[in-house]
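If you look up TrEMBL, you'll see 322-345 marked as region 'Disordered'. What TrEMBL records for 12-28, 55-73, 80-101, 107-127, 148-166, 178-201, 213-232, 244-265 is transmembrane segment.
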Amino acid sequence: MDQMSPDNINGVILAVSSSIFIGSSFIIKKKGLKKAGASGVRAGEGGYGYLKEPWWWAGMITMIVGEVANFAAYAFAPAILVTPLGALSIIFSAVLAHFILQEKLHMFGVLGCVLCVVGSTTIVLHAPHEKTIESVKQIWQLAIEPGFLVYSALILIAVLVLIFYYEPRYGKTHMIVYVGICSLMGSLTVMSVKAVAIAIKLTFSGRNQFKDFNTWIFILVVAFCCLLQINYLNKALDTFNTAVISPVYYVMFTTFTIIASMIMFKNWASQSGLKIATELCGFVTILSGTFLLHKTKDMGNVSVSGSGRGSVSMPRVPPVFTNSGSGRGSSSDPPDLTAKIPPCT
């Protein structure tokens, strides 16, 4: 194992800080969405009442701070190192949901958190060194290579199909629609964010990159993609369970981002087969952790029935990628607010 470069160390510190803020923001935003849904049209139904909620704005500010730290991390370290560390935000989100939203974390959920940490550590210790980038124009040349252009075209086609065909029909019942839109666009966002972050870094070092029109193209792509992601992420958060959204979004987003990074920056070219295999093992370990967090999200909510001595009733477990509309008003659901708005991040 090679010694970590100073840039990679700075990237790791920024990425971990980002995870703390972003993981917390899910819970704070959830409180705002619940309050807004109690007095108006829910975000999942197309409402925007959450914009008047201080809790939602507090969550947005917390998320922005986290995203700024994440943004800065991409200026120092490769995406294949920074993005998987987002698993740590799942841990913070799951733990806070356990204590604040009463979305109980089972012992296997704790094991899932441990697996996420182990997998993240493995990737950090074997991450590739970033190629030296001298200008944004150099990144632009990577972005217009045939391989990445084909990838970008496929992503945009998939997103348009999800938005105009699947979202009106299955958006409220199949989580994969909202999360898919956010994850697919997220991979393009990260590539553009990295370009803008490097532009800022180079500008501060005395090489102004904002004279190059390519920098402004990347900025426009970041702005458009972020607005699109925020809109559909809010719909997902308001419709589905917190413990489901965070890990599934992380898995899909990270997978597509790593693929995009490999195609555009060719991080794998400078690594041996052993290191690539080790990184893949670390990533699979993280996926296993998020899977455990997802599958055991309701196992902590065990209640004792009053009709029989010692009898135990297990909670109703919803489908993995769907949200059954009939379950919202069932007798097993908590009354009032919780019955009206399903738990989400």
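Cβ coordinates are placed from backbone N, Cα and C, and glycine is handled just like the others.
Where the annotation comes from TrEMBL, it is an automatic prediction and has not been curated.
Contact between the transmembrane segment (148-166) and the transmembrane segment (244-265) is supported by 3 or more Cβ pairs under 8 Å, counting only residues 6 or more apart in sequence. Note on the transmembrane segment (12-28): residues 4, 55-56, 58-60, 62-63, 65-67, 69-70, 72-73, 76-77, 81-82, 85-93, 96-97, 100-101, 124, 237, 242, 245-246, 345 of its chain, located 6 or more positions outside it, place their CB under 8 angstroms from a CB of the stretch. Residues of the same chain lying 6 or more positions beyond the ends of the transmembrane segment (80-101) and with a Cβ under 8 Å from any Cβ of it are 8, 11-12, 15-16, 18-20, 22-24, 26-27, 30-31, 66, 70, 73-74, 109, 112-113, 116-117, 119-120, 123-124, 127-128, 190, 242-243, 246-247, 250, 253-254, 257-258, 261-262, 267, 279, 282-283, 286, 289-290, 293, 300, 343, 345.
Counted as Cβ pairs under 8 Å, contacts with the transmembrane segment (178-201) are highest for 213-232 among 107-127, 213-232, 244-265.
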